[in-house]
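Record features (Swiss-Prot):
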- Gly169, Asp170, Arg171, Gln172, Thr173, Gly174, Lys175, Thr176: ATP binding site (BINDING)
- Ser362: site 'Required for activity' (SITE)
Amino acid sequence: MAIKAEEISALLRSQIENYESEMSVTDVGTVLQIGDGIALIHGLNDVMAGELVEFHNGVLGLAQNLEESNVGVVILGPYTGITEGDEVKRTGRIMEVPVGEELIGRVVNPLGQPIDGQGPINTTKTRPVEKKATGVMDRKSVDEPLQTGIKAIDALVPIGRGQRELIIGDRQTGKTTIAIDTILNQKDQGTICIYVAIGQKDSTVRANVEKLRQAGALDYTIVVAASASEPSPLLYIAPYSGVTMGEEFMFNGKHVLIVYDDLTKQAAAYRELSLLLRRPPGREAYPGDVFYLHSRLLERAAKLNDDLGGGSITALPIIETQAGDISAYVPTNVISITDGQIFLQSDLFFSGVRPAINAGQSVSRVGGSAQINAMKKVAGTLRLDLASYRELESFAQFGSDLDEFTASKLERGKRTVEVLKQDQNKPLPVEHQVLIIYALTKGYLDDIPVVDITRFEDELNHWAESNATELLNEIRETGGLPDAEKFDTAINEFKKSFSKSE
């Protein structure tokens, strides 16, 4: 079969016309040194600060130290497969994490990869992990309450949407319990919760996830877990990943609650990275920018103005102290950044006062304007009553004779402490809180034995659910305080049926 010359030339012409020259230029470098999750790279002359670089085995790294002749990279994953002389290439992108509704109900690592064994997360939207905080003019004053369901907090140190409220205390004083209870109380409140576990044991993270699942709270919660077994870079970026996921909801007009549990471990991970990168150490061996580490994170919590949709991120950072020392470097830094703190005391915890909140050292600098009117009115004198009780309590230990007024103050104080106690995983709706605190401050509990206070409260709540629904609904729907007459009638009626212990 003869092939004509014209056919050959036409075939060649079509091939040449369809030919596309694909030439890609990749900036590459070479690993000079590797160890402890840090790689020293020669080359990569045009790499950006915070840019992702890719090693030959697919593991990613984050460019941190940009020096004259080399680049210090922290490795975001296992580094045992990387050796000296390996090739490293730029990706041209800064670190991003997946965001969106698809993440709700899932447990992910700080890179946004699922670790709960429930398959891939089908979202294509991403956001950069490092982002400038919302500007001054885009914000609005905190004016909406965020109910925690914990009497001692909602009455004494109220939290508003868009606030940063620090939870601080020694280990084993109930810090995580307060955070988890607050998440449980957001059910049916239209709030999306993000729980960031930093440097905790895998078993602890699993227990908290199960607690959330059993209470049905995973339906509106994302868990970002960087456990103690993970490399330091993942512990360092975990909070930023969490708040990035939250910002997606905030900018869509939704309300977000984010818990960082805890930032002490994040600061320790950052200290480790900084020392390995040979950055000069400062106080307590932390690098000079450890304040900025936390301020740029916590400033991303905000209440947006109405033009931007009125969304919010409320942050509850947790800090662990050593022997109650809140004057250490990281605690003082975070106290100065946040809008108040809830201080948990181990002495109170071990004496059975749980949550072990020290009312004297706990404060909410902006939450007062967000507190509902009903609570503001009934709990107005509570802090003062507690303070005077603590003072009189130490005075009464000397066993001197007490006048009638002092004795009544002490008795009221004992009942106040008892009312503010609360079991874990049992958040209380705000209308029930107002009811029991009203009964306390108006003297209705003065004739109830201290041992009966908890039972009195439980039975009052059950009784009110069926016999004082109008009263509860009025508080829930309007936020205002009903007539004193309605309260007095309801409480007196219940007291007739309540039997005191002998």
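Here, residue 1 is simply the first one shown, and the rest follow in order.
Yeah, the Cβs are placed from backbone N, Cα and C, and that goes for glycine too.
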Set of same-chain residues at least 6 away whose C-beta sits under 8 angstroms from Arg171 (ATP binding site): Glu320
Residues close to ATP site centre defined by Gly169, Asp170, Arg171, Gln172, Thr173, Gly174, Lys175, Thr176, Cβ within 8 Å: Glu320, Leu344, Ser346, Phe349
Fewest other Cβ within 10 angstroms of its own Cβ, chosen from the recorded positions Gln172, Thr176, Ser362: Gln172
Binding-site residues (Gly169, Gly174), the one with most neighbouring Cβ atoms at 10 Å: Gly169
Distance, Ser362 (site 'Required for activity') to Thr173 (ATP binding site) (CA atoms, angstrom): 15
Residues near Lys175 (ATP binding site) in space but at least six apart in sequence (CB under 8 A): Ile167, Ile168, Gly169, Asp261, Asp262, Ile318, Glu320, Leu344
Rounded Cα-Cα span from Ser362 (site 'Required for activity') to Asp170 (ATP binding site), Å: 15
Cβ-based isolation winner (fewest other Cβ atoms within 10 Å) among the binding-site residues Asp170, Thr173: Asp170
DSSP state at Lys175 (ATP binding site), helix/strand/coil: helix
Between Ser362 (site 'Required for activity') and Gly174 (ATP binding site): CA-CA distance (Å): 15
